[in-house]
Structure formats: C-alpha cells, structure tokens
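K.L.:
This is the structure I have questions about; it appears just below.
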C-alpha cells in the first residue's frame, strides 16, 4: 500500500497555497489532519509546518483516486498533485489563509501510515505531561508547540544578529572540562584513558570566557549549553541554555547597555513590544520594598518595615523579635478586609512554608479595627502603623516578625500570592528592572563560612577592595541582575582581573592557597599575564523564551526536555549500560542492590 | 602601581586609528606589544584584536608620563588617551593600517602587569604544542590563532544565514541522552537520582533530528557538539562540532543542493573562491580508480587493476592472489624511474603499514624494463600491463597484490605519498566531489556479522529493499559523502522512514527484536505514527574550518582543544574528583592501584 516518494518535488508548502495559485498545478505533501466523505467526494485537510490546505478527491477526476483516498486515516503521510481551484461560494473558510481555495487531487502517493494516536494533535490536549513527553514527536506536531520551537529559532537569530552587530565574536568553549565545584553539583564523565579521572560538564562557560578576555578577543558570545546536577525543584532542567557574553575594558553600564539592546530587539521584533527606560534598583531597596532581589514591579502591595515601632510596643511577639535583631514588616492588602477567617488561616499556613511562625493581621473596617493583636498597641503606635501602611477602610494589614531573611521571604511570597488573588498582575505588562549593588558574600550557616553570592570571580566595588578581608559582610559586588516580571532572566558582573584581588576573595570564601590553585590554578595563572578589566553577563534562554511565549514551564519551549526528575521519557535516559562499558571506564556501580 | 579603569570609555580599537583621525583626541586600550626608548621618548606598539597602533610618550607632554611609560613591559595592559598626529615624514610604516599616524599620550592608565612570557606573541613560535596548549590564553593572542577563531565565527554566521534562507529551523537537541552504542564508544554520565543508570553524551543528533522530521518541522539544522570516546588516532577530538541538518519529503539531490550551496557560499565569502560544478562519483568508481571512497582528485596517479592479466601470468605471487579472490592493482608513478633502491625500500615499508606484504615494481628505462619481476611475464602480458598503465620511458610502476581491501588501502596511501613527493598537489586547488552509491553493509570480521557502513538508519536504495535479508552484500545505500581535497568533510543519507524496513535492517546487522527495541524503541515507535520520507547530512565543522584555513591540525581552529590523549592542558581535565562526588553518583573507581 505504501509508495515511494520517487522524484516528487514539492512546489508549495500547504499553508502557502492561496488565491494567487488558482488554475495552477501544485504538489504538496504532509499529514492528514482530518478526512470527510461528503457523498462520495473525500475532503482531506492536509497539514505541514506552515498550516493546512483542503485537498479534494473527487470522482470527477477518477473513481480510483477516491477509493484510495477513502483509506486515508489521520496522520497518514501523503503527497498530492493537483489543480488549485477556488472553493465554491459559501464553502470558503475565512479563518484559514488557504481558506479560499482547494486542491483537486490528480495524483496521490501514500508515503506512510499511522497508528491511531494516543492523543489528538490539538492545541488543548487533555493528556498528562508524561504522555506528551513520551510521544514528544506527536506533541511537537501541535501548533502551539511547533510555534514555540520556531519562536525559539527566531530568538536565536535575533540574538546573534545583535551580538554580531556589536562586534562580538562567537566562540565555542569545551563541554568536557574540569570539575570545579562551586555552587551547584557537577555532572561527571569518567575518562577511559585516565583511570580514576573525570571530566565535568560545565555549569557555565564562565572561566573560559574570562580566559578569552585574557586572550584579547575583547567581545565574546555564545549560545551555550550548561549543566547542573541540582535537585530539580521548580522549573529547572539538568541541561539548559544560556546566552553568554563577555567584554573587555568595560564598566557595568557598557555590559548593561548591550543586554538592554538585546532584550529590546527581542521584544520588539518577536512580540512588537517596545521596552522603555529600564530602571535600576539597589539590592537594599529591592529587599526593603519587596523582600526579594527579583521583585515583580507590575503591581504594588509593597512591604513596609515597622521594626522601630515594634521595638517600643507592648506586643511581646513583635518586641522580642525586634530586640533580638529580627525585623517586623507588613503588607497592606488593599481592599482585603473581606477575607474570611479561613482564608486568613490559609495565608498563615502559606507563609509557614517560608519559615514564618505566624501571620498577624488587622482589618480596617468602617466600624473600627478588627484584629487579635490590636489590643497590644497604644493608640499612638497603632496610628503610626496605619499611617505608614497608608491604611484605609476596607484594607487588611499582614505582619510578619522574625529573622530578616524569613520575614522577607515570607512577605515577598505572600505579596505575590495576594497580587495574583486580587488580579493585580497585568499579564500583558513587560516590566524590566536592573538590580545592582549586591552584597559580595553571604554567610553559609551550614558550612560556617562566607560564600560568594554570585560567584567568586565577581569583582568587589573598587572602594570596598580594602576591606575585603576585614569586613566581608560590608563588601558590595559589581554585579547586576536583570529582572523581568519578577523573574531573574539574566545576571552578570564585572570580574576580577587582578591576581591579588582574586586571591583575597578565595581567602574570604575559605579556600586555602592550595585548594585555590588546585581548582582555579589556570585562572590565577592567566591573571598573571596581562588580564584586561572585563565583565559580562548571561541570560537564561529557556526562561526568557518561556516568559515571552507566556508558557508556565520551560519544558514547553525545549524540544526534548527532561522531567523534574531528570528523565527523558522519549528515549528512556538515563538508562542502564552494558557491563563492558563500565569496565572500560574503570568504574563500578556502588549500590546495595549490587552487593548480593 | 595598578590603576582602575574608572570611567574610561574607549573611542577606537587600536587597528582603527588612521589618517582620518589626525587632530582628534582618542582613547585606546590594549596590550603592550613592544616598547622602545629613543632618546628619552618612549614608543609603545599597543595591540588589541584589531591590530596595533603606535603610542608616543614624550617629554613634550610631560616628564611624569614618560617616567611611567618607561616602566611598561611587554603584555602590560594599558589605557591611553591622547591626540592623533601624523608621523614625521620618513617614519611611516606602510605595512600597518595605522602606520601613518601615532597617538601622543596625555593620559596613561596601567591596568595590569604581565610576567615575562613563556613564548613570544608571534606567528611563528618555536615552542612545542604542549606549551601552547597550557598557555592557551597567550597562544590565542597570536595573530594567526586569533584570525582562525574569528574566521570560524564568520563561518558559523554564514552557515546559519544559508540555512535560514532555505527555510530551516534551528533546534537544540539534548546533550544528556541515552547510550545507543553503534559505531563509536559513548561517553557516559552517571545519574545521581537513578543509581546505576547513566546518561550518554550524543555521538551526533541523528535520532533526534529524525524525530524532528516525524514531528513535522520539515527542515532542521543545528551547529551541534558531538562526543565520541574513540582512541584519538590522527587528528580527532573527543568533542567536535557538526553542521547538522535534516529535511523532509526530499531525495538525495535536494539535500546535496543545500550542502553545495553552503559550501559555495562559505568558500566564496570567506576565501573569494568560486566552486564550480561538483561531480558525482560512485563508490565503486572511487575505489576502482583511487582505492578509497575519499579520493583526492587534485592529481592523477590513478590505480589500474590488472587482476585479469595476473590470473594468467607465471608470476606465482600475483597468480595465487588472483586465484584466491584477491586483486592486483598498480600505479604508474610518472617520471619516477629515478627512484633509488633505498627509496623503493622505504615505499615498500610504507605500504606495509596498510598490510601489503610487498611492493612489486618495474622501471621503464630507455634501455628497457628494469624489475625483479619482469622475467615472470610473457612479452604479451607485459605489453598489456604497460599499455594499461600508459607506461613511458622514465616511469616506475608499483604493484600490490592482496585482498581487495589491503590493495586499495595500500595503493591509495601510496598514491597520496607519491603525489606529495612529486609535488603534484596544488595546495591552492579546491576540489570537491560527491561519492554516492555506497554499499549498505560491510562485513565485520571480528564480530562475524554485517554492520552498517554509514549507520543503520540509512535507507537502502528502493530497488534493493527486496533483497535486504537475502543478499545484504548487494544492497546499496542512499548515502552520499562530500569529499574536499581528499578529506571527507560531510556525509549523509536518505533515512529509513518505514518501520518494516528499519526492522529488517536491524535484523541484518544482528540486532534481535528485543535489542532493537531496547536501544532504538523510541525511533521504531516514532516510525509508527506517520514518519515522512526524510534525509539529511552533517559537515565536520572543525575539519572544514581547518582545511579552509590551511591548518594541518583541527586543534588550531578550536579555541580550547584537547591533546591527542584527550587532555586539556590548560585546565588539567580530566582530573581526580572528591570522594563525596563519586558517592553521590553511586559509583566507585575500579582499578588495581585502588585495591590496596
């Protein structure tokens, strides 16, 4: 039943056959999207990447072709040759670009069959993601998914055009490299030639791009795959794609200018959205007002600190926290006084996820304040609180008192939740923001040491270099993050280009000279031979693409993603391998099941 | 001594300061390429990616700046501000684009120092490759190396432009995938989440691009990294880059047309070379005339078969071989009769590398034939041989008699060697050729089974599908290789799109149904749901780039290559890792040294 393609030459994509082709003989090929038999005439919607066109198999042409067309089923692959005719009046489909015409088939080649599908090729499929991932070859036939992938293709091209126009050189860096664990866990690749040694897959091209600056390339970029063996909470992938770039002889603003141009051109060309001035906010301000360094500024509900008032009040919970160095912050949820007790309990549970031990609240009603805590405050104190929070009748105020981190995390997340609940977030808004002046280090409680907030190659501010060793907590980094609608889509920094400063930073984060040399010796070595001042940035391409396409998950903009547990349901990776393969790599599986 | 960059803004790259800028104030930055002190005036050649410019530190500006300039050493990194002046007559350097001018420095910032270099930044360095790879950041400062990398950058851009214009969609495929060993060895990546399971790094995106065709993307491309854990003989890298593409509803010619357009545009734009008609040669003809399926057709010295004569002659060595199914072939090395006995002995040793047990020869001298074997032939036989080889006075004829493979390999390599010896190869010639009609299978002596010559997803010729199982040796593949100056730079095929044929091919190469399902189940599954006819190709980007740049080694067109033993001398990869890392991955090193 199946035929060979033979010398068939397509003249048109399905979606491109229109009125201009009427009277012409065309050849198209694609998938049977649907078939209908109307009184002995078979109508087929034929689909390819570009769209659909109606093909008519009519006894007017030949009985034989009609008989063969009757055997077509959904997703059969066919090639058709025939004449383009205008559809009879009243049968046009204005929704389709090809809706004015139909192809009267004179030749039909059935190139392949298809089993009945596990789910239909439609935009809103009702199957679980597991099935979609297992049958990814079908899932990607869905218009929305195909468009996501083609959108991503266009995003690549615009990105490269911007960097090319800005004089950047595209350079590939290795994927088989050295394990330098700092931050996430490395994926390892056992070496066959060197028993007991391993390559690592790069978490980013960071060190290589710095080396390229030392080499004098001046401006480098790459759309690079990165690998992190993290626990795949939230929407992460073990391999992901970065738009990575680096520049020499620059300050923060130079790097940010290139990043802004890229974002502007992507939004303008792909979505027709013009991005205005991009404001710059300090880390301290972001934490203060939003409790997070990636604030979603599309809506208000800002956090207000009332630690000063809490310190003096009679409410013991607040006062104790304030006296112990904690803080008290509040959100005025405008118009939220109608929240039920049950809803408030749920919000209390919600902030508990982030470690908050309670969620105090005050409803501002026309008959007065309603709250379990209001009695602990003097009228003066309460008035100062209401004033600071700009409270009006109909509002509800929420308070969290705890260690600074807990308060900020709890309220930042509560703010987002309330914003969504109240429909305050305009999903069509594109709100971009720079966050700068990050602390250079943060204290790692578990390991009892300072660690780099960004990474240890980030340059401290020039004026803070002197206090690096004495007061690491005060040192600010020359780092900048780009935040889009509350999501960090990119980040970077001016790097350290001087060996002496790099050595000091390694010291602060607790690396001995030996360890530093063992792990990053090649970088330290490179800094000895004329390293220029340099800085750069990386965008998370998957995330950016998902946001631009308004997809919830980055998996919907990756052709072959893995599950949250790191599996490829299409191929079955990871999988067992043959014993000989392991022997050649000089490794053995170490697990209890194996020790029979 | 070192200064901060501060708000320095470069106005020009070094190489861009020319006569048009005379009288202007410019700011440049870069590396001190050399310094000269001429009677209290310091001249510095300042270098960046674009070239060099002369900077003058003169007491006419200030004594202080001269004193500071005297401290500059090679490869110090500096920023300079000053006025562009025309050089005094007689001091111009016509070899430099900037040779008409010099910058009178008014400000000097010393941004970084440099230790004395292990080798000078010059095109012809005399250090070993090991040192160059260890100090790759210095090696890449050399003009030739930097130009190689920038050339490669341009090659990427032209490649993508061609594919974009041809309607291809760029799609990324996974690097963490499933091990499907067929051909080379896989690199493995142990999974932390699934003890005892492994990802594999892809040897190519082959299966994913076929899946993308099943998904309906119609035309896919990607500049993709590939990984093969092979013994790194010759000029191979464990990770290398392919220009990979695939198309649906096409025949061989469609794919070849796209490949030809790409190669033409690359040569035309990057080298100004116009590639003419690209001839197509069958595999049989290539083996027959050149003994190899990647013939260098820039010169003659073709192989001639004389098995028919050998069969009848009295020379036992030839006759026995011919009677046992072997072959006898010869090369006429025109004008080679002057070769000494020692030179002939060396050539005999050389063909021995390829398994030839001897190298018979006949010198055609004006006084007659000189040869140890001529006495075994009748005059008629000898005349036929001389005629067939178009022998003239001054020639030497070389003969190898053995199994077909050995004869072809030995003489193909001998031909190349003789061609080089005699200077017959015009290195400026660009000779491109398609080789087609490959056998589908070749017999693997070691494993006693048929294996796919290309890969098992290659489609057999339509007319050979019927004999797949009965006569695998006769089946030809729909494969095509592109050969450039005797190097295979790309290859591809029309793929199998029908499940029944794919299953048969798996059967021929000895995969049981179970094994086929276990390894390639997802492909077989995809073929069940409407797979279109499709085919594609991949170019070896590193090799292509090296040939275009006339580099002997692909390592010279890769920013951070590995040695032939798979080491990165810059970073020290592969390296040992911490015990905890292995524990997390549920693996253990298995080696004798470890079993103390």
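Even glycines carry a Cβ here, placed using N, Cα and C.
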K.L.:
Can you match one of A:222, A:237 to the ATP site that TrEMBL gives for A:228, A:229, A:230, A:488, A:540, A:541, A:542, A:543?
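P.N.:
Given A:228, A:229, A:230, A:488, A:540, A:541, A:542, A:543 bind ATP in TrEMBL, the matching entry from A:222, A:237 is A:237.
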K.L.:
For the annotation region 'Aspartate' in TrEMBL, which listed range does it cover: A:198-201, A:202-205, A:206-209, A:210-213?
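P.N.:
Comparing A:198-201, A:202-205, A:206-209, A:210-213 with TrEMBL, region 'Aspartate' matches A:206-209.
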K.L.:
Sort the binding-site residues A:230, A:488, A:543 by C-alpha distance from residue A:495 (L-aspartate binding site) and give me just the closest.
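P.N.:
Spatially nearest to residue A:495 (L-aspartate binding site) by Cα position is A:488.
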K.L.:
Counting every protein chain present, what is the number of Cβ atoms, excluding its own, within 10 Å of the Cβ of residue A:543 (ATP binding site)?
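P.N.:
By my count, 20.
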K.L.:
Would you mind checking how many other C-beta atoms are within 10 angstroms of the C-beta on residue A:541 (ATP binding site)?
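P.N.:
I get 27 for this one.
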K.L.:
With DSSP assignments reduced to helix, strand and coil, which class does residue A:543 (ATP binding site) get?
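P.N.:
Once the DSSP labels are grouped into three classes, residue A:543 (ATP binding site) ends up as helix.
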K.L.:
What's the longest C-alpha separation between any two of A:228, A:229, A:230, A:237, A:488, A:540, A:541, A:542, A:543, the listed ATP-binding residues, in angstrom?
P.N.:
20
K.L.:
With the cut-off set at 10 Å between Cβ atoms, which of these binding-site residues ends up with the most neighbours? Options: A:228, A:454, A:495.
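P.N.:
The residue with the densest Cβ neighbourhood is A:495.
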K.L.:
To the nearest Å, how far is the Cα of residue A:541 (ATP binding site) from the Cα of residue A:454 (L-aspartate binding site)?
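P.N.:
So the alpha carbons of residue A:541 (ATP binding site) and residue A:454 (L-aspartate binding site) sit roughly 19 Å from each other.
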K.L.:
What number of additional C-beta atoms lies within 10 angstroms of the C-beta atom of residue A:488 (ATP binding site)?
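P.N.:
Around residue A:488 (ATP binding site), other Cβ atoms within 10 Å: 16.
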K.L.:
Could you give the mean pLDDT over the region 'Aspartate' (A:206-209), rounded to a whole number?
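P.N.:
Averaged over the region 'Aspartate' (A:206-209), per-residue pLDDT gives 96.
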K.L.:
Would you list, in sequence order, the binding-site residues among A:230, A:488, A:543 whose CA lies within 10 Å of the CA of residue A:454 (L-aspartate binding site)?
P.N.:
none
K.L.:
Pull the DSSP breakdown for the region 'Aspartate' (A:206-209) and write it out as helix, strand, coil residue counts.
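P.N.:
Split into helix, strand and coil, the region 'Aspartate' (A:206-209) gives 4 helix, 0 strand, 0 coil.
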K.L.:
By the DSSP assignment reduced to helix, strand and coil, which category contains residue A:230 (ATP binding site)?
P.N.:
coil
